[in-house]
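Taken from Swiss-Prot, the feature Fe cation binding site covers His88, His90, Glu97, His136, and the record attributes it to similarity to another entry.
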Amino acid sequence: MYKEPLGVKVDFNTGVIPGAKKIVRRLSDMKGYFLDEKSWEELVKKEDPIVYEVYAIEQEEKEGDLNFATTILYPGKVGKEFFFTKGHYHSKKDRAEVYVALKGKGGMLLQTPEGEARWIPMEPGTVVYVPPYWAHRTVNTGDEPFIFLAIYPADAGHDYGTIAERGFSKIVIEENGEVKVVDNPRWKS
């Protein structure tokens, strides 16, 4: 009849949600995502660091329900490129999402299917609205874990394949101590 309400404790300092589904992405899980393939290969062989962890509370995939998750995106770079999440469109493209920065420093890279991109810097307290039809990826531009909360429709789904194949039209790098958003020479329109 009625679904039971749910309350869970989210540790804003660590990003951990006890009892949540946990996903761990290592650098080796992100082959082909970073521009500097040689640096990627060397770092994978040397230590294969964890790039990010996700703690998700998921509902049935049906219209009207909401999922939420925290992500802990660790600091690091491959060449000049900051660590980032794989990024995705929603499988149901007309679904939106909200992100809330809890700790650390980073940003959200967003892109339309045509490659029009936006960069939104994030720090604790920043709320980002991801409109329908936009791909999105978070980037850690700081020197500590970047932790954020995401809230999204339970039936949105994740289309990682399009990003794995085409990439983003922009990448986020460090150049002369500054965060720069530059064209991705490997982007496939």
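The chain as shown is numbered from 1 upward.
Note: Cβ is positioned from N, Cα and C throughout, glycine not excepted.
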State which of the following binding-site residues has the fewest other Cβ atoms within 10 Å around its Cβ: His88, His90, His136.
His88
Relative to the Cβ of Glu97 (Fe cation binding site), which residues of the same chain, six or more apart in sequence, are found under 8 Å away?
His90, Tyr129, Val130, His136, Ala150, Ile151, Tyr152, Pro153, Ala156
For the recorded Fe cation site, enumerate neighbouring residues of the same chain (Cβ within 8 Å of the Cβ centroid of His88, His90, Glu97, His136, site residues themselves excluded), in sequence order.
Gly87, Tyr89, Arg95, Val130, Trp134, Ala135, Tyr152, Ala156, His158
In the three-state scheme derived from DSSP, which category covers Glu97 (Fe cation binding site)?
strand
